[in-house]
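Lifted from Swiss-Prot, the feature list:
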type	residues	note
TRANSMEM	22-42	transmembrane segment
TRANSMEM	58-78	transmembrane segment
TRANSMEM	86-106	transmembrane segment
TRANSMEM	170-190	transmembrane segment
TRANSMEM	224-244	transmembrane segment
TRANSMEM	247-267	transmembrane segment
TRANSMEM	278-298	transmembrane segment
TRANSMEM	313-333	transmembrane segment
TRANSMEM	353-373	transmembrane segment
TRANSMEM	374-394	transmembrane segment
TRANSMEM	406-426	transmembrane segment
TRANSMEM	431-451	transmembrane segment
Amino acid sequence: MSTSTQNIPWYRHLNRAQWRAFSAAWLGYLLDGFDFVLIALVLTEVQSEFGLTTVQAASLISAAFISRWFGGLLLGAMGDRYGRRLAMVSSIILFSVGTLACGFAPGYTTMFIARLVIGMGMAGEYGSSATYVIESWPKHLRNKASGFLISGFSVGAVVAAQVYSLVVPVWGWRALFFIGILPIIFALWLRKNIPEAEDWKEKHAGKAPVRTMVDILYRGEHRIINILMTFAAAAALWFCFAGNLQNAAIVAGLGLLCAVIFISFMVQSSGKRWPTGVMLMLVVLFAFLYSWPIQALLPTYLKTELAYDPHTVANVLFFSGFGAAVGCCVGGFLGDWLGTRKAYVCSLLASQILIIPVFAIGGTNVWVLGLLLFFQQMLGQGIAGILPKLIGGYFDTDQRAAGLGFTYNVGALGGALAPILGALIAQRLDLGTALASLSFSLTFVVILLIGLDMPSRVQRWLRPEALRTHDAIDDKPFSGAVPLGSGKGAFVKTKN
């Protein structure tokens with residue numbers, strides 16, 4: 001940027017079309033958050049009506065994560081081939097239909113399947129909306145674009161909590177899911193009123209369609225075996241999270257099978273840059289493992305261990321969700337100021353100071369608990385607002401939507417494991433201690449993975465010929481791409 005440009009307030013660097021693109025994507029993400037968290041709010045009611053165990057009830061939250069990897073791959077490829085806008089609209093319709101189906105579910109199995117549909121739509125919305133906004137905004141503002149966008153999910157969760165306190169006590173839990181069909185109206189408006197992302201238009205102007213991840217996996221020479229592996233992964237995940245398997249060795253074996261399949265898909269689709277993709281999946285996996293036990297089971301903790309009524313639960317969740325939303329925006333400013341990775345690490349370190357007090361204070365003072373949750377979620381959960389920017393920077397425009405969608409949503413299986421892991425630990429400890437212990441310990445893993453830039457570092461160790469030394473979104477250097485003690489010019493930026 002020139003000196004004269006730097007003196008202009010950041011928001012004036014954006015034109016009306018860019019603000020309209022952001023507003024549309026943000027509203028879509030708000031609706032996504034609204035639909036997705038409904039199950040967490042009514043989990044105890046659903047558990048009581050269907051006669052479920054705590055682990056079975058938690059698996060309904062996990063179900064949406066089980067299908068996310070395929071939704072991210074499929075709808076991400078749609079975004080790479082046909083444009084970010086179409087993928088975003090299709091995703092909204094998909095998760096809205098799944099939410100409506102939850103309202104009509106007669107039992108556990110039907111609701112589990114509906115949650116699978118929601119997961120596919122959510123995955124597509126995440127990848128398509130994130131790439132759409134990031135590619136529509138100027139490079140020096142793309143951490144803000146990412147953070148501001150992801151705040152919509154937390155705002156949607158806050159809105160859902162308030163609607164829950166008004167609707168469920170009067171009309172029951174099913175009525176809450178019927179409201180979730182409304183985003184379809186918004187999707188139809190989006191289809192006609194928003195422009196395509198600038199980066200995507202420039203990349204594809206007058207050119208032949210790109211070869212997407214779907215083309216590579218399901219139309220290439222290994223398509224038969226890849227289709228079989230897709231069904232195998234789906235079946236393995238089903239048995240792990242819905243099959244009520246009691247044998248830990250079998251569950252571990254099925255999990256290992258899924259890991260091998262996902263790594264195989266990453267190797268095929270990313271070529272020599274597969275080490276980067278695999279490490280990004282690990283980053284996201286641990287990011288979900290530290291954050292989603294609280295996200296998924298906080299309402300249950302408030303209702304069961306603290307004995308809060310629905311109105312008080314909604315008030316506490318307001319502080320939590322609003323803190324995460326504010327944190328996404330703060331993370332955007334920090335990311336553009338400090339750099340994406342440094343901002344992430346600093347925010348997570350600060351959040352660690354608050355996680356133990358949140359669950360040690362008990363339920364006697366609602367306002368103090370609410371304030372602690374606000375700041376803990378602002379620092380710990382809110383910084384995830386710049387995660388799409390962090391991941392997207394490792395992929396070129398041609399593969400960004402599918403790369404971000406698949407990588408993020410395979411890693412998001414940590415969100416499927418997290419509530420079940422929290423529920424299992426809570427069988428030996430109280431739920432609050434289980435949630436605090438998981439979050440506190442696993443946050444340090446994420447700090448190390450991001451702080452040391454392990455995706456670039458492992459790429460340099462295993463396949464240095466395909467190393468990317470600079471972020472593809474904002475052109476800033478990757479610290480892990482340069483060995484310690486080397487000069488800044490040790491590597492040349494690659495165009496993979």
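Backbone N, Cα and C define each Cβ position, glycine as well.
Small disclaimer: the values here were computed from a predicted structure and weren't measured.
Here the listed stretches are 22-42, 170-190, 247-267, 374-394, 406-426, and the one with the most C-beta pairs under 8 angstroms to the transmembrane segment (58-78) is 406-426. The stretches the transmembrane segment (170-190) and the transmembrane segment (353-373) are not in mutual contact, being linked by fewer than three Cβ pairs under 8 Å (pairs 6 or more apart in sequence).
Against the transmembrane segment (374-394), stretch 278-298 shows more Cβ pairs under 8 Å than any other of 86-106, 247-267, 278-298, 406-426.
Among the recorded stretches 22-42, 86-106, 406-426, 431-451, the one sharing the largest number of Cβ pairs closer than 8 Å with the transmembrane segment (224-244) is 406-426.
Contact between the transmembrane segment (406-426) and the transmembrane segment (247-267) is supported by 3 or more Cβ pairs under 8 Å, counting only residues 6 or more apart in sequence. Outside the transmembrane segment (313-333), and at least 6 residues removed from its termini, the chain residues within Cβ reach (under 8 Å) are 41, 143-152, 154-155, 157-158, 161-162, 164-165, 298-299, 302-303, 343-344, 347, 366, 369-371, 373-386. Counting same-chain residues at least six beyond the ends of the transmembrane segment (353-373), those with a Cβ under 8 angstroms from any Cβ of the stretch are 301-302, 305-308, 312, 315-316, 318-320, 323, 379-380, 432-433, 435-436, 439-440, 443.
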